[in-house]
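Taken straight from TrEMBL:
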DOMAIN    22-126  domain 'Epoxide hydrolase N-terminal'
ACT_SITE  D195  active site, nucleophile
ACT_SITE  Y322  active site, proton donor
ACT_SITE  H380  active site, proton acceptor
Amino acid sequence: MRNFAHRAGSGHGPTIAVVTEIEPFPVHIPERDLADLRERLDRVRLPEAETVLDGSQGIGLARLTSLLDAWRRHDWRSLERRWNAIPHFRTRLDGLNIAFWHVRSPEPDAFPLVLTHGWPGSPLEFESIIGPLTDPVAHGGAAEDAFDVIVPALPGFGFSERPSEPGWNPGRTAQAWADLMTRLGYERFGAHGGDWGAFVSTELARLVPERVAALHLTMPVAAPLPEDVATADEAEQAMLTTRDRFMMTGPTHVIVQGTLPQTFGYSLLDSPAGLAAWLSQALVAFSDTRTEAGGGVSLTQQVENIALYWFTRTGAATARWYWEAMRWTPRTAEDQNARTITVPTACTIFPAEPFPVARRWAQHRYHNLVSWNEMKYGGHFAGWEQPDVLVSELRNAFREERIR
């Protein structure tokens, strides 16, 4: 990844007054923390194997053992060098230090785009697509598709500060993102997100629609109304079945982290095996693991992401995100759809998404749905699983809006 000097503002459209409280934030984990992890991994204590092999009891012992072996071999310093090769900064927003990558394109008319991750992800989801987005010519693309890319870490994730008070939900985070873009000098920009990043990006478009030129989502935040369920066609009925199955067997992370994040957080901070099992369970379950789809989130990607959670000590803080969000998110489809979105919205739908949404349902909330593309391969983590597809979809989603 190329190094770019930080420079506020964009060659595209008007800029606004820039607050200069932005500081470079190179990453360096103390050697004592690396040594501590090695010791913990060497004396990890694991239970007996599961009593069934169908995955219904969670991540199997053999899979976790392989994951921990890969973690023991992992070179954190190599990942650290890659991280620091991307311009990384920190600024204080609404009383919290937020860390973010900000990569300026070499193209003068690049369009600003903020990418927001979710759980159990991190900014690492977007690492491999930053180059093609910011410098498309160097990656076989066209100069007019260039972006300035901003990748903030959600509050309590990565190198962003862990909140010490309640209230950091998707809505408050969306306002912080708007303030971040102001501070960087961007008046008008695009937003992309999946998982909780879709919630934040959607709310950002609702809060400042005059500034969000367009919205791209891989998990539109919408639910079927009762009449949608009653009139579901065959494809929609399959989605309803998938959603019901997920609610029966899949939302353990929502229930646990949304109710007792502090209790659960102690084990995530103290046990690398526990953290690895918890994150890997979701990283695999929510991805497209078919061979023809590329196998889902790779073992290396899992280890790097888990290591980031470990060294930043964010297991409990990221779990609390669910506690916050569950107290903020509307309880019914009617209430959710009442938070309407009017900005141009493009959605890319991947087949292994665990909580699928039909276009008809999404249109209740996203009133200017300009694009809806259903992919053949991929799951919940598009940046890791299908990076080339995601780059293409982002270019297409913002191509018209960037010239308005």
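If you go along the chain as it appears here, the first residue is 1 and each next one adds 1.
Using N, Cα and C of the backbone, Cβ positions are placed for all residues, glycine too.
Heads up, TrEMBL stuff is auto-annotated, nobody curated it.
Feature annotations (TrEMBL) mapped to structure.
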residue: D195; record: active site, nucleophile; Cβ neighbours (10 Å): 22
residue: Y322; record: active site, proton donor; Cβ neighbours (10 Å): 20
residue: H380; record: active site, proton acceptor; Cβ neighbours (10 Å): 26
Per DSSP, three-state class assigned to the residue listed as 'active site, proton acceptor': coil
Structural state census, the domain 'Epoxide hydrolase N-terminal' (22-126) (DSSP three-state): 39 helix, 23 strand, 43 coil
Averaged pLDDT score, the domain 'Epoxide hydrolase N-terminal' (22-126): 98
